[in-house]
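What follows is one structure encoded as C-alpha cells, with my remarks underneath.
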C-alpha cells in the first residue's frame with residue numbers, strides 16, 4: 001500500500017520533470033543551428049525520426065523488420081518525383097511520399113505480419129530487396145543516378161526553403177510532429193494493446209484482441225512515419241538514390257535504435273545523433289568510421305544491452321529503489 005501511495009505521489013513530479021526536460025531539449029534544438037552545421041543537424045533529425053519510427057515497431061510491438069529502408073527510400077523517391085517532375089510544393093510532395101510509404105507498408109505488412117521472429121524479419125528483408133531491384137530497373141527512379149536536383153521550393157508559397165535556417169526549422173517542425181505522433185500512439189489505448197501483444201501475444205489473443213490487425217496497423221504507422229523521414233530527407237538533400245532503399249540502410253537504423261535503447265522514446269534519437277556525428281566528424285580522417293561504429297555496437301551489446309538510454313533509465317530506477 002505504501003509503495004502504491006509513493007508511486008502515485010511521484011507521478012506529478014515525474015510529469016513536471018519530463019515537461020521541463022522536454023522544453024529544455026526544444027530550446028536547445030532551436031538554438032542548435034547557430035552553433036553547429038545546419039545540414040548535419042537536419043541529417044540527424046531525419047534519421048532520428050526514421051529510428052523512432054522503426055522503434056515503434058520493434059520496441060513496442062516486438063517485430064524486427066529488415067525492410068524499413070523500402071519505406072524510407074521509397075518515400076524519398078515519391079517525394080523527389082512529385083517535387084521535381086510534377087512541380088508540387090515541398091509539403092505536398094512529402095505527404096505524397098508518406099502516402100506511398102503507408103501503401104507499401106500495408107502491402108508488405110499484409111504478407112509478413114502472420115509470421116513471427118526470424119521468419120518475419122526475412123520476409124521483410126526479401127520484399128525490401130525486391131523493391132530495391134525494381135528501383136534499379138524502372139525509369140521512374142533514374143537507375144543508379146537517382147533523382148537529383150530536387151527543388152526545395154517555397155513552403156506554402158511563403159517560406160523560402162533554399163535558406164538553410166528556414167529549411168532547418170521546417171525539418172525540426174516535421175521531426176517534432178513525428179515524434180509527438182509516436183509518443184501519442186505509444187501512450188494511447190492502442191499503444192497499450194501493442195505492448196500487451198509484445199509481452200504475451202497468446203494472452204492478448206485469449207482476451208479477444210485481433211492481434212494481426214493491431215500488428216498490421218502498427219506496421220503501417222511505422223512505415224508512414226519512416227516515409228515522413230525519407231521524404232523530408234529528399235527535400236533537405238535534394239536527391240533520392242538507391243542508397244536509401246538498400247538493406248544497408250535498414251541495418252543502419254537497427255544499429256541506431258540498438259545503440260540508443262530499444263523501447264525508449266529518446267534512445268533512437270541518441271543513437272541517430274551518435275552515428276551521424278561519427279560519420280560526419282570522422283569522414284575526413286583515415287580511420288574507418290564503420291569499424292568504430294561496429295566496435296561501439298559490440299561494446300553496447302556486451303556491456304549495455306539495454307542501449308545507452310536504457311541503461312541510464314535502469315540505473316535511475318535502481319537508485320530510486322535503493323533510496324526508498
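Here the Cβ of each residue, glycine as well, is placed from N, Cα and C on the backbone.
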Stated TrEMBL location of transmembrane segment, expressed as one of 118-140, 141-163: 118-140
Result, the transmembrane segment (166-186) in contact with the transmembrane segment (20-37) (3+ CB pairs under 8 Å): yes
Within-chain partners of the transmembrane segment (44-71) [C-beta distance under 8 Å, separation at least 6 from its ends]: 101, 104-105, 108, 112, 117, 120-122, 124-125, 127-128, 131-132, 171-172, 174-175, 178-179, 182, 185-186, 191, 194-195, 197-198, 215, 218-219, 221-230, 232-233, 236, 244-254, 256-257, 260, 262-265, 267-269, 271-273, 275-277
Per Cβ pairs under 8 Å, the stretch of 91-111, 118-140, 253-277 packing most closely against the transmembrane segment (216-241): 91-111
Of 118-140, 166-186, 253-277, whichever stretch has the most CB pairs under 8 A to the transmembrane segment (91-111): 118-140
